Structures are given as structure tokens and as C-alpha cells.
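Colleague: Would you mind keeping the following structure in view while I ask a few things?
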Amino acid sequence: MDVEFFADLDLDALLASFSSSAAAAGSGVSGLFAPSPPHDAEAGSPESVSSRRPSPSREAALSEIERFLMEEGPAAEEGVGAEDFFDALLVDGGEEEEEEEGKGSEAGGSTDGDSGKENEVATPDAEKEDVEAEVDGDDPMSKKKRRQMRNRDSAMKSRERKKMYVKDLETKSKYLEAECRRLSYALQCCAAENMALRQSLLKDRPVGAATAMQESAVLTETLPLVSLLWLVSIVCLLPVPGLPNRNPVARSSAGRDLATVTGKKTSSEQQLEETLLLHGRRCKGSRARIKLDTGPFRLAAAAC
């Protein structure tokens, strides 16, 4: 590759380009390579041979170029490469620009320090609003975007409210269903208890009694108690047997016999009979009336 490059290289044109800048600008890159010799030129002409022989100055330039090319590889390995050089150059230029901007900002900050402090104390919301106002401005597209964002937010909030409302309704419906289920169970229990009481009443009913007339359990239980209370009260109200009369004046047998024959009642007997009648009226049953036979009491009172 290097041999072909040196064969095609025209040293005369290269040296001419170094000596004359105008000639180099006019010829350009095409002047670096030697034009092909004409076909009619003789191969063994003295002019062609003399032109092909390099001069001493050309030999020195050629040797210098060869030395430069030979030393390019080690120099690149030891020194800094082209890419690193350009990167460092760009970085240095950027740092210089940043330093200049920093100096300008420091100068501006010294003149307007209060405004800088206010900007530092500003809240993030205010900064965000300022940025949005600067970016959006009064552009119709920005207004449309803001409106769409507001509509989207409102729709999202409405959906959340709807979800919460539906959730509350579901909770209430579940509670009401549980309450209805509990009440239905209580109703079934009451119906079963009522049926059991009715069966017990029918079982205790005497043979031949009418099944159309049904009595409650409370009345069936209270009637025997009332009858027992009536019997005890009658026994307690029985007159105490009288003591023998110690009065020396004996009663006339005629008067006693007359009262017995005529059947007249004394005041004590009348009061006892009225008391028993009143008590019997109060203790009457619902199915049948309790009749009071006062015959034995009259005989006991007459005997006294």
C-alpha cells in the first residue's frame, strides 16, 4: 500500500504547493498527483528520463517526509491522539464559556441580590406555575391541552366518587340482607313455639270438648290458681265456733225455737252471706260460674 502511494505521488507538485500558496490553492488536491504521460511520448526520450530523476532538494524533502511518516506511529503512541486532542480542545472551550457566564451571573447577582433571594425562597408550586405560564402562554393549543387535563381530572374524580357510592350501597344492602335473614329466623322460631303451645293445649283438652273454642296457655294456667285462692279465702272466712254462754240469764227456749222455726236471719248472718256473695262474684271463671251453696253455712249459724 505504501509503495503504490509513493509511486503515484508527484514530489514536484508537492514541493511547488509548499513554495507557492497561490499555486496550491489553484491546483487543489488534484495537483498532488502526477498526470498520466501522453501516449505519443517516447519512453526513452532524455526529457522524460531527466524529469524522472529527483533533484537533491527533492531527495531531502522525500527523506524528511519518510522520517516523519516513520516517527508518526511511536509519537502517537507516546503522545496524545487526534481524538483526545480535539476532545480536550472542545472541553476547554466549554469551560471557558461557563466561566464567562458565571462571571456575568455574579455581576448581575451583586446588582440584584434581593431578587435572587426571593427566587430561592419561592415555593415549588409557584415555580411550576411560572414555568407553565412561560411555556404555554396564550397559545390555543396550550389552552386546549389544559382544558383536556382539567376534564380528565374531573372525570377521574367523578369515577372515584361513583366507586365510593357504589361501595357504600353494597355495604348497606349486605347489612339489610343479614337483618332480614335474622328477622326471618326469629319469625320461624316464634311460629314453632306457637305451634308447640297449641299442640300442648289440644292434648290437655278433655274428651268431647269443642275444638273450635281455643284457650290461651295463660288462661289455662291461671284458672287453677284462682280456684285455689277462692277455696283458701272461704276457709279463712268460716266463723269460729262460739264459746259457752256464761251469762246467768238463760235464753228463752221459746225465742230460740221461734227464730229457728220462722227462719229469720240475724245481722251477723246477713253480713257473712253478703261478704261471701261479693267474694264469689269476684272469683267467677270465664267458662262457668261458680255457684255458692249457703245452706250449710246457715245451719252452722243457727246451731251457734
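Glycine too: its Cβ is placed from the backbone N, Cα and C atoms.
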Colleague: Need the matching range: Swiss-Prot marks region 'Leucine-zipper' on one of 64-78, 169-183, 199-213, and I'd like to know which.
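Modeller: Region 'Leucine-zipper', as annotated by Swiss-Prot, spans 169-183.
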Colleague: Run through the domain 'bZIP' (141-203) and tell me, per DSSP, how many residues are helix, strand and coil.
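Modeller: When I sort the residues of the domain 'bZIP' (141-203) into the three classes, I find 63 helix, 0 strand, 0 coil.
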